[in-house]
Amino acid sequence: MLKQRSLPHLLLTLLCLWAVCKAQFEPWGYHEAEQEHYTAPELPPDTPKIQLRLAGEKRKHNEGRVEVFYDGEWGTICDDDFTIHAAHVVCRQLGYVEAISWSAASKYGKGEGRIWFDNVHCTGKEKSLAQCSSNGIGVSDCKHTEDVGVVCSDKRIPGFKFINALTNNVESLNIQVEDVRIRAILASYRKRIPVTEGYVEVKDGGRWKQLCDEEWTHMNSRVICGMFGFPSERRYNARVYKMFARKRKHTYWGYSVNCTGNEAHLSSCRLGRNVRQTDNGTCVQGMPVVVSCVPGRAFAPTPMTGFRKAFRQEHPLVRLKGGAIIGEGRVEVLKNGEWGTICDDNWNLISATVVCRELGFGSAKEFLTGGRLGQGMGPVHMNEVECSGFEKSITECFFNKDSLGCSHEEDAGVRCNVPAMGFQERETWYWPGEVNADRVVMSGVRCSGTEMSLSHCLHHGEHLDCPKGGARFAAGVSCSETAPDLVLNPQIVEHTTYLEDRPMLMLQCAYEENCLATTASQVPADSYRRLLRFSSQIHNNGQSDFRPKASRETWVWHDCHRHYHSMEVFTNYDLLSLNGTKVAEGHKASFCLEDSECDEGIEKRYECANFGEQGITVGCWDTYRHDIDCQWVDITDVKPGDYIFQVVINPNYEVAESDYTNNVVKCRCRYDGHRIWMYSCHIGGAFSSETEDTFPGLLNNQVAHR
């Protein structure tokens, strides 16, 4: 016989059951979000009815040339007297919180048709651009070379509701919604990171709404996948989703979508027709839009680890260099065994997207010009690139093979959309370490820099080995958004190499600084050493200055050479046999990091004289001439033969750089006992077969534990 429960006890039980049921459905997104209140602005009846959109050569969906629809025709705005106050009015009318900036002189390309507004004066409080004073609608003495553009904030107005004042011209408008998402529906996809399949939903009027699949095309899916960081779309099991759709009542957005497939964001697509809805609130097709995206190899989920190890690029002819984060960088292409750059002439978002997709990312959210992500080395392989947007590789696009004259100041770069991996949820700790916190969870960590998680790096696994323990010996990091990038000019090394027989009497300072072979300590003072001499020209192609880690107060004074050492070892010089065995070595302490020369327009900042600051400015280079002490390798004991000569900058990673793979230069070397030949000098990594010594994972595509 069951015990009778009291009424309060029963109510408590029911509340608990309700909470459990609610928790089960909340991950599915069924709970109703609080609708944010938004009131459409009321305009005086005599206010001209206009519609705005952003067009032209846009970098992002929230920037572009301002176009105005009036009297059945799209036109532009002249930049005369235009201010940030007018830009605020434009952005708010488009549903953005505010304007970030505005631009003159047709930065986003010249428009067409009428110039509807000229000499616009706004206070910033107007609800419509038509309320601002001007010469009068259609009264202008400007040309389209003066078309104005704006950059709006990423953040949309909460609860913003798209108001279509021009019902006869819907299909020429951009899509204006607060937010877009892919909501995982099936259980197998709800547990995955990143989310690759589910309903496409837009936030409109403060509520999430589904899109009706009426007139939905694979080009629309391509855009959705691209903006969420995926290179392409794929088929999905429609039968399962149809079964699921019958069980739920959906809230549909009122319009269809019309994308060409080249847009970087849904907001750049055109608004389609009004969606026909049945009496019960469903669209005619009765099915919400579903997309299924193909993740790049670096983001592909697996049941065991959550991600698949993917060091190998998806296309061996293209890479990104000099970026601060994954998915951005200077674009480099491989041609005739040599990496080179792309000139920014005609560089645009469509061509940038081709690069992003072929590397396993989504569409490009920004194309960069003017060497903004660092200047490359070597040749400029491509110029005046023109892509349709559907090429599999940038190498398939048209480019001008005969156009010359581009310098590395014009190197093109990209910033790609990458999948949301949940990394923004990690906490950041600034922790000096405590004696009682000595538990070690990982040891022997060795990363190549391309991993998506620290757990993907080589490490000891379960067999921890940390003799000093944790506490104050715990590993830590200091992060920055920009970093330097040192690159050695290989041609300078090749063209300046020679041999010198120098007496020991003239090598006392070099001997004290360990710049000679170990056998030098066993020879008489009147003997000679054979030195392989060369010059080094080290460029900083990064986004911030290269500065020694040690402060000036800790620099070491060397009385013999009369200078300070700011780094223990700045470069290593090695002569290797063809099988990789070291036969001779040298090193260069950073006795004088300074700006020897700079690109045009850049001022030198660092000079070693008089205990000055040391470093290498972005766009400058430090030259170590062949006649400087220790700028050599002692090859006195080396036998004649064929060798590999190798130079490594910042070998101990004492200073953080955005790219370490270009810190190595390798040359083929032939020595006959009297003369030496240096040839085929190149930046390490230019030939992929030479990367396995440093990072085996770059080639075997495996996660391994040592």
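Placement of Cβ uses the backbone N, Cα and C atoms for every residue, glycine included.
Unlike curated entries, TrEMBL annotations are predicted automatically.
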Fill in the blank from the handout: Going by TrEMBL, the cysteine from C91, C122, C212, C225 that pairs with C152 in a disulfide is C91
Practice task
Please name the cysteine among C16, C21, C142 that TrEMBL pairs with C78 through a disulfide bond.
Solution key: C142
Fill in the blank from the handout: Correct disulfide partner for C387 among C397, C406, by TrEMBL, is C397
Exercise for the section: Would you find the one among the disulfide-bonded residues C122, C152, C269, C397, C447 whose Cβ has the most company, meaning other Cβ atoms within 10 Å? Expected result: C152
Completion exercise
Helix, strand and coil residue totals from DSSP for the domain 'SRCR' (182-294) stand at 26 helix, 36 strand, 51 coil
Handout entry: Other CB atoms, at most 10 A from the CB of C387 (disulfide bond)
Key = 21
Fill in the blank from the handout: Quick tally, other C-beta within 10 angstroms, C78, C132; top of the disulfide-bonded residues is C78
Practice task
Give the number of CB atoms, excluding that of C142 (disulfide bond) itself, located within 10 Å of its CB.
Solution key: 18
Practice task
Could you measure between C457 (disulfide bond) and C152 (disulfide bond) for me? Cα positions, answer in whole angstrom.
Solution key: 39
Completion exercise
Across the domain 'SRCR' (52-153), DSSP yields 16 helix, 34 strand, 52 coil
